[in-house]
Amino acid sequence: MALLSDLINLDLSGRTGKIIAEYIWVGGSGMDVRSKARTLSGPVDDPSKLPKWNFDGSSTGQAPGDDSEVILCPRAIFRDPFRKGQNILVMCDCYEPNGEPIPSNKRHGAAKIFSHPDVKAEEPWFGIEQEYTLLQKDTKWPLGWPLAYPGPQGPYYCAAGADKSYGRDIVDCAYKACLYAGIDISGINGEVMPGQWEFQVAPAVGVSAGDQLWVARYILERITEIAGVVVSFDPKPIPGDWNGAGAHTNYSTKSMRSDGGYEVIKKAIGKLGLRHREHIAAYGDGNERPLTGRHETADINTFVWGVPNRGASVRVGRDTEKEGKGYFEDRRPASNMDPYVVTCLIAETTMLWEPSHSNGDGKGAAAP
């Protein structure tokens, strides 16, 4: 008799030319990832050739019960590390039946910014450092922690050993699964707080950064589901003298990566400072809890940048300063930020927005 594991790993390629496409979308909370699968007649490698689909938005907080149909539009395709073969993961965004984006569809606005000719010409690169915390399912307490608290921070960052590193098997599985899927995941590391980890998606261009980070989050959610562990993107899961969790966003444009780029970087950082409040408002919920000026953060109410200051709002690396070109790191985004929102706002502020007397208070103005 076949075991459940045998059927999960069943290879369909020798029996049918059909494939399974898992359609993924961002749910109504802005942080939940939802998905459902459908059968296609054969392999597809172009999202424009995939059929649109729909779902019950009243069950995800995205539509009322008396008009609940929400349309899924495929935007990006990834290899499916769970079903393997020709099966695919499909990142989608969501629309009303009349074609208007629903309020929780942040990709639509990001795609408009990234399709602007001035932005496209600069080829914006992003590298997002996604931090997260692994929690025990029954207690919602960090993985590996005793019922009370472990020893203070210090031994856990990038550590090895059963008394210092918790959940590495989950993290490594997610790492390999993302590579298999075709995500530009560039690394992983254990974080300062035990049970907390980080992966990096980099470099990714334009709206693709958001697509890739959301699918990486989905893969991580699926793997923790299998492991019976909860993944938390709360920016400060444990109060007190423990590091929070962020999504530091590294950024460069073609001009920044070229000779003389350091001056372009400094001008861009100046613009970010003028719109500090607007960026903070868009950089994730609960960000006031980690951004205290402690634990490698800047105070939420203050904008400061420096080389190579990890207590700054924006950090410039030594290599960038030395070479006179490169990238910078925005250290303000929380771990629960929406990558579509953060990446397009950074691009808009640094490339499309210009300060004026009427908006010099830092609130800024909408880009064209």
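Placed from the backbone N, Cα and C atoms, the Cβ positions cover glycine too.
Residues or ranges marked as domain 'GS beta-grasp' by Swiss-Prot: 19-99. Per-class residue totals from DSSP over the domain 'GS beta-grasp' (19-99), listed helix then strand then coil: 9 helix, 39 strand, 33 coil.
For 106-368, the entry in Swiss-Prot reads domain 'GS catalytic', with the evidence type sequence analysis. Model confidence over the domain 'GS catalytic' (106-368) is summarised by a mean pLDDT of 95.
Marked as region 'Disordered' by Swiss-Prot: 38-66.
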